[in-house]
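Student: This is the structure I want to talk about, given as structure tokens.
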Amino acid sequence: MSQKPLSDDEKFLFVDKNFVNNPLAQADWSAKKLVWVPSEKHGFEAASIKEEKGDEVTVELQENGKKVTLSKDDIQKMNPPKFSKVEDMAELTCLNEASVLHNLRERYFSGLIYTYSGLFCVVINPYKQLPIYSEKIIDMYKGKKRHEMPPHIYAIADTAYRSMLQDREDQSILCTGESGAGKTENTKKVIQYLAVVASSHKGKKDTSITQGPSFSYGELEKQLLQANPILEAFGNAKTVKNDNSSRFGKFIRINFDVTGYIVGANIETYLLEKSRAIRQAKDERTFHIFYYLIAGASEQMRNDLLLEGFNNYTFLSNGHVPIPAQQDDEMFQETLEAMTIMGFTEEEQTSILRVVSSVLQLGNIVFKKERNTDQASMPDNTAAQKVCHLMGINVTDFTRSILTPRIKVGRDVVQKAQTKEQADFAIEALAKAKFERLFRWILTRVNKALDKTKRQGASFLGILDIAGFEIFEINSFEQLCINYTNEKLQQLFNHTMFILEQEEYQREGIEWNFIDFGLDLQPCIELIERPTNPPGVLALLDEECWFPKATDTSFVEKLIQEQGNHAKFQKSKQLKDKTEFCILHYAGKVTYNASAWLTKNMDPLNDNVTSLLNQSSDKFVADLWKDVDRIVGLDQMAKMTESSLPSASKTKKGMFRTVGQLYKEQLTKLMTTLRNTNPNFVRCIIPNHEKRAGKLDAHLVLEQLRCNGVLEGIRICRQGFPNRIVFQEFRQRYEILAANAIPKGFMDGKQACILMIKALELDPNLYRIGQSKIFFRTGVLAHLEEERDLKITDVIIAFQAQCRGYLARKAFAKRQQQLTAMKVIQRNCAAYLKLRNWQWWRLFTKVKPLLQVTRQEEEMQAKDEELQRTKERQQKAEAELKELEQKHTQLCEEKNLLQEKLQAETELYAEAEEMRVRLAAKKQELEEILHEMEARIEEEEERSQQLQAEKKKMQQQMLDLEEQLEEEEAARQKLQLEKVTADGKIKKMEDDILIMEDQNNKLTKERKLLEERVSDLTTNLAEEEEKAKNLTKLKNKHESMISELEVRLKKEEKSRQELEKIKRKLEGESSDLHEQIAELQAQIAELKAQLAKKEEELQAALARLEDETSQKNNALKKIRELESHISDLQEDLESEKAARNKAEKQKRDLSEELEALKTELEDTLDTTATQQELRAKREQEVTVLKRALEEETRTHEAQVQEMRQKHTQAVEELTEQLEQFKRAKANLDKTKQTLEKDNADLANEIRSLSQAKQDVEHKKKKLEVQLQDLQSKYSDGERVRTELNEKVHKLQIEVENVTSLLNEAESKNIKLTKDVATLGSQLQDTQELLQEETRQKLNVTTKLRQLEDDKNSLQEQLDEEVEAKQNLERHISTLTIQLSDSKKKLQEFTATVETMEEGKKKLQREIESLTQQFEEKAASYDKLEKTKNRLQQELDDLVVDLDNQRQLVSNLEKKQKKFDQMLAEEKNISSKYADERDRAEAEAREKETKALSLARALEEALEAKEELERTNKMLKAEMEDLVSSKDDVGKNVHELEKSKRTLEQQVEEMKTQLEELEDELQAAEDAKLRLEVNMQAMKSQFERDLQARDEQNEEKRRQLLKQLHEHETELEDERKQRALAAAAKKKLEVDVKDLESQVDSANKAREEAIKQLRKLQAQMKDYQRDLDDARAAREEIFATARENEKKAKNLEAELIQLQEDLAAAERARKQADLEKEEMAEELASANSGRTSLQDEKRRLEARIAQLEEELDEEHSNIETMSDRMRKAVQQAEQLNNELATERATAQKNENARQQLERQNKELRSKLQEMEGAVKSKFKSTIAALEAKIASLEEQLEQEAREKQAAAKTLRQKDKKLKDALLQVEDERKQAEQYKDQAEKGNLRLKQLKRQLEEAEEESQRINANRRKLQRELDEATESNDALGREVAALKSKLRRGNEPVSFAPPRRSGGRRVIENATDGGEEEIDGRDGDFNGKASE
């Protein structure tokens, strides 16, 4: 069923179930494997898992479709959509930060600011007003259990209140969170709720304000509510984070009595930030009251208080800073009203405001420094005069006490001149102290007002509202105290939630592994509050306050010295400011500025000013300063705090109490109070720092959740057993659920609980049994409470039934006694009435009193004596009473005197005791301070000794280290020198080697020449010339060869250098091209990803479209079937209607004839005037009905026209959508074919390219081998090659990435075959671009081949040069041998240096490897820790899921049992119904037989009547004879006529009663038949609905199987595609290797590639345009999909409506059964009455026989009437002629009516087509029609009443007509004729009734709306006929005025019966239709 629509205030409390139970979201979640991944913007972002590789996961972001690879530890699970906006986050299946944040964000954006997190509640500040705090909402939450209502602060308050009353344990509600998170507002809501729920004057609230001691009704609650506005005005201010920030902490203690009513309250405050009164930061305000006063004061008040404008006050640093949506003047009036309600007098209010004004005026006092001295002066004392006027002190004394105060020096008192700074400080200190004292006085006054009641408080509920955690730009002493308090509260939360909870599990012996959540805040708390070893911040601050020369800088330095190594302490990074330090709080790092901390801690005041204020003429000011106790400049308010807080415990007070110590003691006391209560935590969260509604900063919220321990609290709530109850209490409370489980007699509580739990069949995982308590998981106790409530209601109902039965029996017995007593009284009265006239009784009554006279006189004397005695006793008693009263008054006076004395003594004793305690406390405190100082001095001495010893050790260590450093430095310098010398020697030797090589070369050349010459000279001197010639030739030749070789060598080197340059250039260009290609590929990949995404979306849309088309086809089939069925029914209905119309026409004809006869008889009796009046009334009614019918027909036709138009529009839209989808499908098929062709072409091109690549690769390998030979000989070439290899490696990685992208693209390309036509055009463009690229690649390959040919030619030249080089190298090798020898020596020399350096490097490498191993191990440890945590979380979630599943299984088993029971009950009920139906059928058969027998008896009676009439005729004839013979008998004629008339009247009345009984019998039979028809129709409808539901279930099952099969086929296709992709990947890897070889050659095509790049960029723009078009198309598809979803939802709603119709039909069937039983009872009573009436009839018929003898005497009077009857016959003939003409016109109208019916039939067929679509929109019109039906029913009832009245008048007229009828002679003849006609009419009536029953049987099968509409149409069609018949009837009445009648009573009564039957039938038909319609409408 659809959810009931939520009201405006419920929208912010309840979750919309339609949003949560969205099947599309569930399907999306399950299909996409959605998870949470970290996000910088949103904290966490939704993504779907695409691929898993070991510990890494590739995910696709849902928002932008971007793919990201992350570690598994960084991913968090996502909950199913049904857990969206869950009210308790402990119910989440996957508990992690992302899920908690998402749930809070969803609820926050829906206006749901409260969320349960296990045992506590999380509140997010909405920054706007929500309508969830009204009295209606309070009533909703009052007394409700937590799980029965959504989360709310009222639920927390109610839980605490009920726990306090039930457990008798003090409760506390702790609102914690940062500043601006909403703590104060929630505190106010708690107080508001308690004031309403726990009010002791409910229903008697009085709004009057009383100032006396007596309470008005509800005054305490009103005062409790008004305390907050007063304290907020004086203690709250606007900060950067919060417009209403509490600048003090408060603990509101509300006391309750035993019955739960509020009996009083008390408020304790902590650390008012009084420095705000004199100075504020930028954009901040001081306390509200200053602005309220200036803005809201009246003119007279401004004059009295000397008020000025905002900008005229120095203490208002920023002037007037307005607060949005708040008016200061209105708030001022509210504050004054609150003060009045609290009982503040007018004088007190003005005094308070005077002090506030004086504080402002203090800031306007200006001091100046005198020229020659530092002394301060006050040149203008106007402000001082105003201050003194307001405070009631002397101006001169005030200025003297400020400028030259008197101070005590030793024993002397001297005046000391103050500097300007000191005077300013004194004024500011005075202003702060004045405001603080005023605030404390107000608090005391409020507490006094709240604690006036004399009732004793049994328990209390505390509400803590303390300033939240604060991090400002400048954080001072107040922020430290506030943050310290929040640390303590958070520690209390952690201790309560985690430590105490688990310790209790261990104490109770429950199996539990202790979990350390790592949330201990004790280190930070100890850093602040630790007294010694080492001292904390507060202790060091107090210590510094002792020293006169101490400064804030020295305090910070000492703090750094003591706590510098603390984990939670850090030095400030700003080196300039030496008064700053940092503390790492749980909520973040806070930098504190310690400026003026010593002053704030000591809080000094000017004694002269305070004494002056103490002596003020203003009583209020003097009271503020009367109890100042000042020692050594430290402000102390001991007396005031003791007197002002009577309920507070008297803490240690005395001298030298600093602000820090006082606050620490207050906080300790508060924490003790909170630990003694049962805390209820409310965690307030600030969503953003801009104070904007509807914005949530995810990281800010996450940080607060982490700090507050929300996740850990939820986890321990889920894993643990948070609900626990003592054995005895469990048994006492829940024994009712397992009544027979515990045997009688004594049994141990634990054993009893075990037996109870077994009887309750609880899952063992849901509870644990401890030593003294039984523990439950969350929700179990709530379930038990629900079952207990149900059981108690059953018991109470049974008890109430017993009580009612007992009372009924008692009342019955009393009635019986009364009845018997009444009978006795009646009997006695009857006897007395008989006796009172009896003479003996009268004598007895007279004599008996005389016998008692003597005894009465004796009794009277005895009574007089007794009366005298009682009077004497009374007088004695009165005298004694007076004496006792005198004694009592004396004793009371003595008692009062003694009480006064005792009171005075007790007061004296109390004062003395108080003084003694105070002195003792001061003494003890001074002693403690002394001991502490001595201990500190000793500790300081020990510490200093230790430090000195450590210092010596450190100095010794420093010396040792310095020596070691010097030695190492010396060794290092030696090594450096040795290294330098070695380097010099090496260089020198290298130079020597070069010189020697040159010399060696020269020497070898010279030696060769000399040897040649010597050999030539020695061998042959003769041939010297020839040899010389040959040598010269050879020399020339060699020289030419060498020169050629040198030239070639230079050329080769130049060419090599040019090649290397070209190579580098090409490499640079190739890298640029690769980058561009990578960018293009990335863009292509993004486009493909977008295409894939669009494909998926399109597939989803197509799938939805197919589902919707199938649903639409099914719906159309059903519509066609229904239409055919409706058309058949309509045809049957029309035939039945035709028959019914004919029958009605005949019926009307008969009625018209009867009416005509009646009018004729009435005309004879001169009743024409009355008839005309009746006719006029009827005509008016007819005209009114006509108008109503016409209006209804017009409205109906208009509605039909509208529905027809809407239906045609809907059909046209659906046809258009179908055509669009068909076109889209055709386009998709076309694009699929084109894509397949393109894919084939691309595959062919890739094969050709791969072949070309292989050829190029072979050539490249050959070249690389040759190049390697060359590069191995040259070191430069080796470096270049290594660089190239690195670049190649990078390119390989890039190519691998490209191939992986290509693989992905190919896998997606396979899916692209099913895509949209718009995307196909884009693909075609991209394919054209690819073809162009391939052509360009072919051009590049051809160019590469040309370059390779050039390279081959160059290579051949190179080979020749290499051979020449080899010859040269052989010569060089001899020289290299000599070089190697010298190098060996050099190596031996440098070996020693290298060994040392290698050792050093080895050590460094070992250190680096160790550090690397350590880092790797640390990283692996962190990773393992993360995985462990993640696995632990998953395990916890799985355990919780397992528990939930077990619970679900148990619940399902229980539901199965209940379902079986219900099924059995339903079977029993159906069998009962079958039995009842059989019994009803049997009864109906019996009644039919009875009716037949009665009909036979009626026929016999009629026959007897005819015989009597015949005998009557004979007797009349005899009477005539007798009359003619005997004339003297006529004297008694008149008397006989009278008696005869009376008898005939009686006979007629009996006949009418008999006829009415017959009519009732007929009506009962009709009702029986109608009920049977209804039953049959209901049964057939029910069977049809069951069959339809079975068909729907079967259809759903088939669809699910089809979907499963489709998913399996898709999975198989996916597997095949993966296999194909893997093969393609391997192939591509091979291709990539081939491509790597072509990289160098591809570099030469750079310029062409740049051109292609430009083309690609232009094409990319085109792609972008196409992409935009595709997005627009996608949006259109999404729009159509959304419309289809809406239509699907509408169809679902219609299905639900049909189910509801079925249920309503079932209810109607039950109602029909009840009506059937009632009809049966009425039929039985009618039968019994009918038998009695038949007996009476027989008796009357005998009497008639006697009277008929007397009728013969009346025939003499008949002759006079015969003439009149003849005239009437003539008039009747004329009327018959007119009737014939009217019948002809009626026939014409009948033909016109049939034509209209045909038109209506066509309209109905169209209307039935539209009914399905218009059904939901027609509810309002249905309601209007129902109202019309009700009005028509009322009209029908009125008409029925009028008919009954008319029937009565007709009966009276019938009686009058009897005299005339008796005188008519021809009555018998006409009676026989009309009797025949009546019999014919009865036969016709029976036929008509049978036809009507059949028509009703058919019509009741049609549903309610159709019946309603058909009924209106029928009425519209019958309107013309009805009008025609009305006219005919009226004419016949006018014309048949004088027609003679022979036997009118039977005919008339029969006619009336016909009319009554007709009207009854019509009414029953209308009732039946209305019942059906109402049944359907209720459905």
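Glycine too: its Cβ is placed from the backbone N, Cα and C atoms.
Copying in the features that Swiss-Prot gives for the protein in this structure:
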- Gly177, Glu178, Ser179, Gly180, Ala181, Gly182, Lys183, Thr184: ATP binding site (BINDING)
- 1135-1150: compositional bias 'Basic and acidic residues' (COMPBIAS)
- 1968-1979: compositional bias 'Basic and acidic residues' (COMPBIAS)
- 30-80: domain 'Myosin N-terminal SH3-like' (DOMAIN)
- 84-789: domain 'Myosin motor' (DOMAIN)
- Ser2: blocked amino end (Ser) (MOD_RES)
- Lys128: N6,N6,N6-trimethyllysine (MOD_RES)
- 850-1979: region 'Rodlike tail (S2 and LMM domains)' (REGION)
- 1130-1150: region 'Disordered' (REGION)
- 1709-1736: region 'Disordered' (REGION)
- 1891-1979: region 'Disordered' (REGION)
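Walk me through where these features lie, including what they touch and how far apart they are.
Tutor: Around the Cβ of Thr184 (ATP binding site), a 10 Å sphere holds 24 further Cβ atoms from the protein chains shown.
Per-residue confidence over the domain 'Myosin N-terminal SH3-like' (30-80) averages 86 (mean pLDDT, predicted model).
On its own chain, Lys128 (N6,N6,N6-trimethyllysine) has Ala693 as residues at least 6 apart in sequence with a Cβ closer than 8 Å to its own Cβ. In the three-state DSSP reading, Lys128 (N6,N6,N6-trimethyllysine) counts as coil.
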Student: Across all chains shown, how many C-beta atoms besides its own are within 10 angstroms of the C-beta of Lys183 (ATP binding site)?
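Tutor: Summing over all protein chains shown, Lys183 (ATP binding site) has 27 other Cβ atoms within 10 Å.
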Student: Let me know the DSSP-derived helix, strand or coil state of Lys183 (ATP binding site), please.
Tutor: helix
Student: Does DSSP put Glu178 (ATP binding site) in a helix, in a strand, or in coil?
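Tutor: It is in a strand.
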Student: Using the Cβ centroid of Gly177, Glu178, Ser179, Gly180, Ala181, Gly182, Lys183, Thr184 as the reference point for the ATP site, which residues of the same chain not in that list have Cβ within 8 Å?
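Tutor: Here the non-site neighbours turn out to be Asn125, Cys175, Asn242, Gly468, Cys684, Ile686.
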Student: Please list, in sequence order, the residues in the chain of Glu178 (ATP binding site) that are at least six apart in sequence and whose C-beta is under 8 Å away from its C-beta.
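Tutor: In sequence order, the residues whose Cβ lies under 8 Å from that of Glu178 (ATP binding site) (at least 6 apart) are Lys241, Gly468, Phe469, Glu470, Ala587, Cys684, Ile685, Ile686, Gln704.
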Student: Write out the long-range same-chain contacts of Gly180 (ATP binding site), meaning residues 6 or more apart in sequence whose Cβ is under 8 Å from its Cβ.
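Tutor: Expected: Asn125, Thr239, Lys241, Asn242, Ser245, Gly468, Ile686, Lys691.
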Student: Please list the DSSP helix, strand and coil residue counts for the domain 'Myosin N-terminal SH3-like' (30-80).
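Tutor: For the domain 'Myosin N-terminal SH3-like' (30-80), the helix, strand and coil counts are 6 helix, 30 strand, 15 coil.
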Student: I want to check the contact list for Gly177 (ATP binding site): same chain, sequence separation of six or more, C-beta distance under 8 angstroms. What comes out?
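Tutor: In sequence order, Val123, Lys183, Gly468, Phe469, Arg683, Cys684, Ile685, Ile686, Gln704, Asn708 meet the Cβ cut-off.
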Student: Around the Cβ of Ala181 (ATP binding site), how many other Cβ atoms lie within 10 Å? Please give the count over every shown protein chain.
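Tutor: For Ala181 (ATP binding site), the count of other Cβ atoms within 10 Å is 24.
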Student: Sort out the sequence-distant neighbours of Ser179 (ATP binding site) for me: same chain, 6+ apart, CB within less than 8 Å of its CB, listed by position.
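Tutor: Expected: Thr239, Lys241, Asn242, Ser245, Ala467, Gly468, Phe469, Glu470, Ile686.
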Student: Would you count the other CB atoms within 10 A of the CB of Gly182 (ATP binding site), including those on all shown protein chains?
Tutor: 25
